[in-house]
Structure formats: structure tokens, C-alpha cells
Amino acid sequence: MTTRTQRRVDRTVDVGTVVLLLAVFTTCLAPVGDGVRSVVLAASGVVGLLGLVVGAVVHRPRPRWAWWAMALSGFVFLAGLGVRAWTAGRDDVPARLGDVFSLTGFTLLLLALGALLRAHRGLRREVVCDVLVLTCAGALASLRLLVLPALERAGADPAAIVLAGVYPMVDVVILGIVADLLISAPRRPSNRLLFGAVLALLVGDTWFGVAEAAGAVLPPAAAQGFYAVGYLCLGAAAVHPSQSRRRAPAPDAGPSPRGDGDAWSPPRLVTLTVSMAAVVVLVTWPTTTHPRLHGLASASTLAVTFGLLVFRAVSAVDGQARARAVLERRTRHDSLTDLANREEVDRLVDGLRARPVPAGSDRWVLFCDLDGFKRVNDRWGHGAGDELLRTTAGRLRAVAGTAVVGRLSGDEFVLATVGTATEVEDLARAVLDAVGRPAQLPGAEVVVTASVGLARVLTGAEDALRDADAAMYRAKAQGRNRWALFDESMRSDAGDVLDLEVALRHAVDADAFEVVYQPVVDVADGRPRGVEALVRWNRPGVGPVSPVVFVPVLEDAGLIVAVGRSVLDRALAQLAEWRRAGAVDQAFTVSVNVSPRQLFDPALPDDLARLLHAHRVPGRCVVLELTESSMLEGDEATLDVLHRLRGLGVGLAVDDFGTGYSALSYLRDFPVTRVKIDRSFVNGIGRSARDEEVVRAVVAVSHALGLGITAEGVETAAQRDVLHGMGVTHGQGWLWSAALPPGELEPLLRLGVPSPGADGADAGDPSPDLRVGSA
């Protein structure tokens, strides 16, 4: 329903309600018999009670029990009217039995309205004080206008005298509660109707109190008219359409500056002024009726009222102070992680310069940036990303010790501390270990790492953070999940990264990347059984750029998916060409690295199926190489992608096996077909017994699970022989061939890559490792 339609409906309901109330009130004042008036009053009570019940059922306002309590109070009030009529003129029943029902009804109504007030704005101290000041004024007015005059009349019933003052006083308390609801939400018609109901009941009780003190048993006509209006207003408040817009309170977020400022809002000041004026008038109004009792009551009321006003003022000042403290904290802290924000970090780092440091120590800044955070946002949404940031903030606090922890923006965190170089390096390692632990997010377990830059605070916060940021970029360029100490050569690194990203974007648009291929050979005879497609880039005006440098930038810039798709397309096209030319047999395979973002895309199997069909390459001739971290971060959708890929006949290999977090567990849980032993373990063969045992264990587990095995980075004949003896069937590395362009590799594929001679001569000194695929 639109706002305009809602207003039109509210206006129609308001007009109809006013017409009905005027008709009922006029009927009660008209010269009709007491029976007709009683029927009108009873009918109004029944209608009001039904309205309360229907409103609680249909609109389901919060808290619901309060509206049911209000409905019960309406029933009790209605029953009280019947009991009063039944006991009138009878001596065989207690005369005040009707008052038992009335007082019970008032108690239920007080509880219900108090719950509504608490649910809407909370029982703040100024609210309680306002209601109590109004109660003091009402109590003094009841005493002065009703109780004291009744005491002067001979033969007056003491119970009637007391109740004549109690009913209006209770009405004033209820009126104060509803007035606070009205002040808090003046535009809600249901609150205005509630206020009208309580005001009508107050007038009716006051009128009836005066008459009862004079000896009346039943309410006079005017009092009955106000009662009827009050009951109808209660029912109308419950069924009014605005009730459906009443909601439960938001979780407590601490002191609200607006809420504390509301303590001195104009409506509240008017309420306090009127209450105080009433007290002053009633105290100073001379009376000859029980002057001592009047003086005692007046002095007590003045003292209590003054104390309430003082308490209210002190509470308001305290509330303002707390609100200012909340605002100040919000301006200095990050709202998501509750860590110091950029401005506070700058202030605290600058403050370090004023602190004396022990001999051998320095002031330090650690700049921490999460690796792969954008992938989490893209894969699971910003809610998961926010949860990961909160988890990371908690872990940094846990390892920080006395260091200050802050969040600059996004996934960038800062730690500022004082210590020796060794202590700060230990702290950096602790940060890497803490951040790198798997994080449990809603619906997924993810692993991200961090790159950390260390820099001394020599001048100010701005320079220190800039230096630490440059060191962080160096750590990323060196492979991530590591720390780097700032030196002067890093000052231009940040600008270089931006320039590199611009150049890479141009390269993606121009499809300027080259794909080279490294043979995957049979360890027993050295014959090629497949190739791995690897991406290379010659930057214009610079020359070849190492994949170690440009691949992380492609990932951070979100370009890796486009590059990976292009490499996959070109690799299949090249394999198809070799197959047609007879350079390879029909079992020859091509391996292509798949980035985590590609793996998380449900469209990957369909895209690959189209490429296989377009190039007429069977799925069994393609192997997709996956990283351990991408499989660990995957969810049910990722597992479905893997099974669909296997349904195409495509092989799935775990790249750099043994360097991740879950190691062997997912070999059983995921449909992988091959394991690639990381080159770091292969390099240790002949030099490290521990590395050899790791390789031996991987081979044993792979054989037990029926998985193929490929050893990466094989550089010597000795390594080849040990691997062959362990049962490794396939290998790749400089021992057989470097990664070559298709034109240079094809003759070798036709002839077969020769194995090193029987003398065990090695393949020579390999150049620096540039093996990085599309992911």
C-alpha cells in the first residue's frame, strides 16, 4: 500500500471514529432512561473489548501480551460495571465489590501500557521522572479537590473518599504513560486514540469520584458518556490500521544522542511545566479544610517533585555526557570491527614518537593486507566478507599484545608498537599464522593469507604508513603470505604496481599474452605424455615479466578470469592442431591451471564443454590443475562444479600438493584424479631425508586412492631415479625440457623428448623458475 493510500485510509477511519464517538456521547447525555444509557455503555464496552481482541489477533503488534492484557482489562472493567449495577441497593453483598474489578482492570492497563512504552522507547530515566512528576500533581489534585472536601461531609464513607482520590490519580499516571507514547510517536493515530481513551476515562473517573463522594452509587450520565467514549477509543486504537506498523524495538545499540536530546524536547518541557504549575497552584491555593493535612501533603509533594526534577536534570546531563562519549568513540573507531580507524591510527602513531623507548628498540608500524579477500566477497557476498573482517580483527587483537590495532579501509589493517627488530618480526610471523588459519563463515570455511609490511616510525604517521604499505606490496610481489621489511628501494613499488595494472589491462584487451608449454613425461622412458600450458607476458618497452610479479596483480585486479579463459581456449586449440598434424597420439593431454574464481563459477563446465566441442578435443585429454586453497574454500556449489567437470571426462589435478592446509583430507572428499608433488619436496631429494619421506608418504596415499602422480621441478637424473623407484609415473622439469613456444616444442614432441644419458648427466643449470599458470 502506498503512503498516499495509507493516509487516505487512516483519514477515513479517523472521521468514522469521531462520528461514532460523538453519537455515543450525545446519546448518554440525552434525556433518555437509565436503562438505555446502561445499554449504550455496555454495548460500548463490548465493542471496545472486541476491538482489543481483534486488533491483537489481526495486527499482531509487539509486544502482543500487552495488548492481550489490555483486552483483559477491558473485560474486567466491563464486568465491574455489571457488578456495580447488580450490587446497587443490596445489603447482602459487599458494597465495594465493583471496585475490586475496577482496581484490577487499572492494574492490568498500567502493566500493558508500561510494556508498550518500554517496547517503543525503553523506560529511560527521564520518562519515569516525567510520569512520577505528573503523578505527584495528580495525587495532590485528587487530595485537594476530592478527598479533603469529602472529609468535611458528615457520614461520608471512608472507602469512597479514598477511592474517589485513587481513581483519578491512577488515571493521571496512565495518562502520563500514554502521553509519553504520544510524544514519542505523535503521528501514529493509534497512539492518539489511546491518549483520547485514557483522557476520557480520567474525566469520567473524576466526575464519578465527585458524585460518589456525595453518595452516588452509579456513575452519572456525563461520567457514563466519558466511559463509553474511553472504551470505544481503546478498541479503535487496537484495530486502527496504524497498529500493523507497530514493530518490536531494535536491539539496544547503547546510548543514543537523539534519545538523550529528546529528554528536553518541547512536548516534555510543556508536560513538566504544566505539572509543576499545577503543583504550585495547588500548594499556594488557600484552604480551610484540614489545613494541617493539606500542608503536610503539599510539603511532601513539593519535596518529591523538586527531587525528581534535580534527578532528572542530573540524569540528562549524564546522558548527554554518555552520548558524547559514544559519538567520540564512533568517530575514532571503525564501526564494523571496533578497531581504531584511520584518523585514530594516525593520532596513535604520531603519539608513539612522544614516548620514550628502551635502548635497542624502535617505534614500528605493521601494514597488513589480506590476500584473496576480494575473492571471498565475490564468491560469498559482502556479508561473508564483513564476517571475515571481524574474525580477522579479533585474531589481530589476540596476537597484538600491547600493540595498537587499527583498520584503515577495506581489508587493510595496521599494528603500531614499540620493540626490537626481532620482536617485531616475531609479531609479523604471529600475524601471518593467525590470519592464515581457516575461518568459519556462514555456509563455508575459507582460508585467506596476509601480506605484511614492516616500517620504522621515523617522522610521522603518514610517512610510516606509506613505507609500511610499500613493504607490504613487496611481500605480495614475493609470493604473498609473508612479511617484508621496508628499505629505500621500495618507495617506488606502489606506483610501479599501479602502472603494472594499467599495462596488464591493456594486455588483456589486446590478448597480448603468450602461452608456452612444458612437457609432462613418463619418468621411466622420458617420452612426453602431455604438456602443461603456462602463460607468459612481454611488457612493451620492458620485456619479459615474471609471472610471479604479474599474476598476483591480475588476481587483485579481477583480470585473472579473462586471462584464464583465453589460456584454456588457446591450449585446446593447440592440442587440436597437434592431434591433426600427428605430432602427438590420441592419449596426449594438456594441463591448464584454473584460478579459484573460475572454479567458483557454476558456468565453468558449460564453457569448457563448448570449447571441447568447438575444438573437437575429448574431455579425457584435458587436465585442470587446481590449488589446494581453492578446493578448501569451496562449498557444495564448488563440489557440484567439480563433479560436472568429471562428467565431461576431464581430469582434475591438485597442484603444488602438500603446501596447503588440508593436505590429504580432500583427496577422499573431492573427485580429483591426479596429484602433483610440489617442487619444494622434489628439490629436497638427496639432501633432506624429511622431504623424501614426505614424497614417499604422498606416493603411498595416492596409490592407495588410485590417483596418478606427477612430480614437478625435476632437475637432476638423481631426482628422477629416486622418484621412479618410489613409484612416481610422471614428471616435468628442466631435466627434460623448459617451457617452450608451440613451434619450438612440436619437433621434440614428434621425436620424443630424449632422456638424459646413462651416465646420469644432468640437464644443466636451470634458469630461475618462472612456472606460473593462469591461476
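Just so you know, glycine gets a Cβ as well, placed from its N, Cα and C.
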Per TrEMBL record, range annotated transmembrane segment [choices 227-248, 293-314]: 293-314
Contact between the transmembrane segment (269-287) and the transmembrane segment (65-88) (3 or more Cβ pairs under 8 Å, separation 6+): no
Tertiary contacts of the transmembrane segment (65-88), as residues 6+ beyond its ends and Cβ separation under 8 Å: 38, 41-42, 45-46, 48-49, 52-53, 55-56, 94-95, 97-102, 104-109, 111-113, 115-116, 119, 217-218, 227, 231, 234-235, 238
Counts by DSSP class (helix H/G/I, strand E/B, coil) across the domain 'GGDEF' (361-488): 60 helix, 41 strand, 27 coil
